[in-house]
Amino acid sequence: MKKHTWPHEDIQPPVNLHCEFNNVDHRTDLNGAERLIVRRGQPFTISLFLRSGSHQPGLTCRPLHAGPQPSEQYGTRASFGLSANVDASCWSAAVTSPPGDMVALSVCAAPDAPIGRYTLTLGGSGRIQFILLFNPWCTGDAVYMDNQQSLAEYVLSQDGIIYRGSYKHPITTPWNFGQFESGILDICLRILDMNPKCLKNPGKDCSGRRNPIYVSRVLSAMVNCNDDKGVLLGKWTDGYEGGVSPMFWRGSVEILRNWDTEACQPVRYGQCWVFAAVACSVSRALGIPCRVVTNYLSAHDNNGDLVIERHINEKGELIQSREMIWNYHCWVESWMTRPDLKSHFDGWQVSDPTPQEKSEGSYCCGPVPVRAIKEGELTFKYDAPFVFAEVNADVVTVMKKPDGGTSRVTSAAVVGQKISTKSVGSDAREDITHLYKYPEGSDEEREAFQKAGHQNKLLQQQQNQGLDLAIKVTSDMRKGCDFDVFAVVTNNTQSEKKCRLVFGSCAVSYTGILGDNCGFKDLLNVELSPGAGEPSRIPLRLNYSKYGGLLTEDNLIRVAALLMDYSTRDATLAVRNIVLENPEIKVRILGEPKENRKLAAEITLRNPLPETLENCCFSIEGANLTAGGVISERLGSSVGPGEDAKVKVYFTPTRSGLRKLVVDFDSNQLCHVKGYRNVIIGK
């Protein structure tokens, strides 16, 4: 076919971008059909209406961004003509219609093209605009994932579960990721545009957006605001004046919109699960498969020696230091290839947007392959030693004595337990610890530790003085109740033992910051019969009248027992963080859920406290349920002990399918109780 130049007068508006068809085909239709949003490495169709016969235009494609003009040097400008067929391995276009006044073009972006906003210029005259995203359904894309159920979960699902609580008692926190809600994609692109690398060199930064490694590292830095115009300001102590508690948030949508409307000022406040959830929302919006992961008993190693040294006094009370063990810590995993590393390290990569330590001058962390952590490959990019320590650090306990002396304390403290994420296609918890760690004591674990230079772990020999100490709890530990916890002591030696037992408790935040005493006893003469017979159970009563006003929003109490053997002067420490469950929120759907039909839900919570709840409010939100916003209903009266707080709320679902209605209850006495109900919306 003879090539022609396509003059401006040959194009008769409008150009049909077939937004609805293309967006459905590219799985971007949840963003709406008002504009063209497509994915890399997959053709899309546009129709052009001509006044004269068929022509074969030259095409120029370039992204729009602030700063210098797009350039071929950075790969942000590409020129290409029509070919007989579309080539999915590069920018290409082909005519797919017979000659006539309407020309149907099939256009395909290269599978490694930078993501972002594009203008497609036709023969130097007519233009169309579209947004290009990563394509995990395309085999040539670095984020390709070959499991359809996983793609539905990690890219398309707009809600999920984040795990908090304790490793002995994981608690589900529902979350509305909302990555397809109105305006969210534009906000995600703005986050990329506001990152310091883009502000310094827009052309180079936009070129880097072809690489999910680069993009996920930028997001890790931009979700926090510690050294840039990032989304969230973290706060873990001293109240939340000037903002709201991190427990306030039910989803990412309100956070992202607040950041956008307030001229990129940081939203106050976030903590680890909020940082991770927002990073997950942005990653999914851009097309990177992503999930939130919780690591229970997560170590924060400041000096890189893979050892957490904690100090206690003679009452077993923890002496605060920068190196701590968080009750849990959340980060994200993103799915991508790692051509920058040796083979077999593709797949899930850890990124952590919570600002903890600097990496290459910025508060970011990752991405680093999960497999590199398991294999002890600490030289791999990025930040492998820090993540390795979070799940593998050794814990050494030292008791400081009044005279200034110190002694080692036997303790069974461990880190990196019950690493959890939401299962694909269900709300069940999936334990993925085996992806991070080999079984304890295995040859593979020993080899990984040797490779990581984790000599302290290799040489550690747990000294057993013959006295076993553990903390046991009962099943009736609910907020508002009085209950017992027990120090259980077993004498495995052949001689009678006389010991001192210091048994105490205090409120604690999930990051390990200690509060005031909730209950304490000091027994100077604990006699233990020889032989591993019936263990001694020493109770400690925890009364709501004492602990109720001390709890943080995490509902955590640290229980510690310190056993000192008078004959050997050896000390043994047992520590356990217990989480007190909030009451259940019950949601009853009234009527048949249908798309675009008003629906009612009755929401109930029974007051478990021995005091009246004042200023009670229920708030709900859900992707495609509450029009991208939050619906709040405040009770007109107080709620006495044992009484029900109950409201009826109305909302209109806009799309069919399985949706998650996220509920939050708040009052002066009982704060930020979370619940949810899955709702199947019919056509």
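Each residue, glycine too, has its Cβ placed from N, Cα and C.
Here's what TrEMBL has on this protein:
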ACT_SITE  C272  active site
ACT_SITE  H329  active site
ACT_SITE  D352  active site
BINDING   N392, D394, E440, E445  Ca(2+) binding site
DOMAIN    264-355  domain 'Transglutaminase-like'
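Rounded to a whole value, the Cα-Cα separation of H329 (active site) and C272 (active site) is 6 Å. Cα to Cα, E440 (Ca(2+) binding site) and D352 (active site) are separated by 25 Å.
Summary for the recorded positions D352, D394, E440, E445: the Cβ-based neighbour count within 10 Å is maximal at D352.
Of all the active-site residues listed here (C272, H329), it is H329 whose C-beta has the fewest other C-beta atoms within 10 angstroms. Around the Cβ of N392 (Ca(2+) binding site), the number of neighbouring Cβ atoms within 10 Å comes to 24. A straight line from the CA of D352 (active site) to the CA of C272 (active site) spans 9 Å. Rounded to the nearest whole angstrom, the C-alpha distance between C272 (active site) and N392 (Ca(2+) binding site) is 19. Note: the domain 'Transglutaminase-like' (264-355) comprises 15 helix, 41 strand, 36 coil (DSSP; helix = H, G, I, strand = E, B).
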